[in-house]
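Below: one structure, written as structure tokens.
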Amino acid sequence: MNIINKKVIVGMSGGVDSSVSALLLLQQGYTVEGLFMKNWEEDDHEQYCTVAKDLADAQAVCNQLGIILHKVNFAAEYWDNVFEYFLAEYQVGRTPNPDILCNKNIKFKVFLDFATQNLGADYIATGHYVIRKDINGKSRLLRGLDNQKDQSYFLYTIGYQQMARCFFPLGKLNKLRVREIAAKQGLVTASKKDSTGICFIGKRKLSDLLSRYISAKPGAIITVDNEYIGYHQGLMYYTLGQRKKLGIGGTKNGSQDPWYVVDKDINHNLLIIAQGHNHPRLMSNGLIASKLYWVDRTTLSTPLRCTVKTRYRQSDIGCLIKPIANNQLQVDFDYPVAAVTPGQSAVFYLAEQCIGGGTIEIRKPLGS
């Protein structure tokens with residue numbers, strides 16, 4: 001590639017990953033500018049949101065690198081295309097993954113369009129730990145080489161045409177090396193802690209955030225044997241596989257194993273629990289997925305053996321996937337999997353290549 005006069009707009013978050021991404025692209029000879037996105041307005045004060053500090057750090061890094069930093073507010077787009085869906089899913093008792101939707105609709109849609117249409121960018125870049133590789137004329141998504149930081153799970157909705165306009169400078173690095181590069185360059189973000197929490201919303205307590213927008217409906221907690229144990233504060237506050245903050249004290253029911261959420265009966269507003277992390281009620285043989293996205297934008301038409309992740313940081317699970325009616329996908333696991341959660345994403349891989357994924361609609365219980 002002839003990189004002379006190729007402009008790259010780097011999404012600057014104020015963290016070390018985006019800082020080093022900008023540095024590496026500069027060293028490769030690209031014309032680099034930064035862009036800081038503000039995507040949240042509510043509760044915008046110091047206790048919850050670090051946006052002012054993040055902006056200051058992003059500006060400081062850009063000053064150190066001698067590049068322009070653009071600032072843009074995408075709060076309305078985030079609300080319409082991410083947060084409303086996030087709330088709607090919780091209202092029906094599901095557990096969504098807003099980071100995936102944020103990548104799809106904000107970082108690799110709104111940001112990409114703004115950078116190319118308004119700032120004259122040839123490419124955008126982010127600090128994601130993934131690799132883009134061109135195969136048979138299409139850009140493909142590969143796992144980052146650092147297994148502990150690989151973020152391909154969150155990018156399965158991004159198509160090959162968008163991927164072709166994106167750089168991921170950290171894909172072949174591990175986090176320790178990224179911090180070493182930042183420290184050697186004297187970047188102010190070299191030792192800054194990684195951000196946590198919901199995409200762009202920061203460290204707000206999830207239960208507090210939900211309670212501001214959704215009216216909780218308390219109900220009964222029962223065991224898998226229909227024994228009443230206590231009360232829950234609202235099904236939206238709980239997810240499958242959860243063991244902490246169930247509010248049932250030391251109740252053991254004759255066993256020393258801890259309690260886990262194994263199901264939610266939405267129609268009767270019941271939280272169902274059982275003891276043991278491998279209780280049969282918590283396990284699934286497979287799932288049905290919808291809202292399917294394939295990186296190469298070719299719809300799957302025949303069964304395929306591959307691997308799947310049903311949550312981030314999960315080891316790959318061998319599976320057979322096959323298309324079924326209503327643009328859905330049936331996924332049959334090679335072995336039972338715990339806490340498959342409707343609303344989360346099932347993401348598919350062929351070796352190191354992330355080929356796509358979908359939203360988990362139904363989990364298939366053991367014996368089905």
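A Cβ is built for glycine as well, from the same backbone N, Cα and C atoms used for every other residue.
Counting every protein chain shown, the number of other Cβ atoms lying within 10 Å of the Cβ of CYS102 (active site, nucleophile) is 24. In the three-state DSSP scheme, CYS102 (active site, nucleophile) falls into the helix class. According to Swiss-Prot, the feature active site, nucleophile maps to CYS102, an assignment based on sequence analysis.
Residues or ranges marked as active site, cysteine persulfide intermediate in Swiss-Prot (evidence: sequence analysis): CYS199.
The ATP binding site feature in Swiss-Prot is assigned to GLY11, MET12, SER13, GLY14, GLY15, VAL16, ASP17, SER18, MET37, GLY127; the stated evidence is sequence analysis. Contacts of GLY11 (ATP binding site) defined by a Cβ separation under 8 A and a same-chain sequence distance of 6+ are given as SER18, GLY34, LEU35, MET37, LYS107, PHE111, ILE124, ALA125, THR126, GLY127, in order along the sequence.
Feature annotation from Swiss-Prot assigns disulfide bond to CYS102-CYS199.
Here Swiss-Prot flags HIS128 (among others) as site 'Interaction with tRNA'. The Cβ of HIS128 (site 'Interaction with tRNA') lies under 8 Å from the Cβ of ASP17, GLY144, GLN151, PHE154, LEU155, PHE168, LEU170, GLY171, each on the same chain and at least six residues away in sequence.
The site 'Interaction with tRNA' annotation in Swiss-Prot covers GLN344 (among others), and the record cites sequence analysis as its basis. Same-chain residues at least 6 positions away in sequence with a Cβ under 8 Å from that of GLN344 (site 'Interaction with tRNA') are, in sequence order, THR95, PRO96, ASN97, THR310, ARG311, THR359, ILE360.
DSSP assigns GLN344 (site 'Interaction with tRNA') to coil in the three-state reduction, placing it in neither a helix nor a strand. HIS128 (site 'Interaction with tRNA') falls outside any helix or strand according to DSSP and counts as coil. Cβ neighbour count for SER13 (ATP binding site) (all protein chains, 10 Å cutoff from its Cβ): 22.
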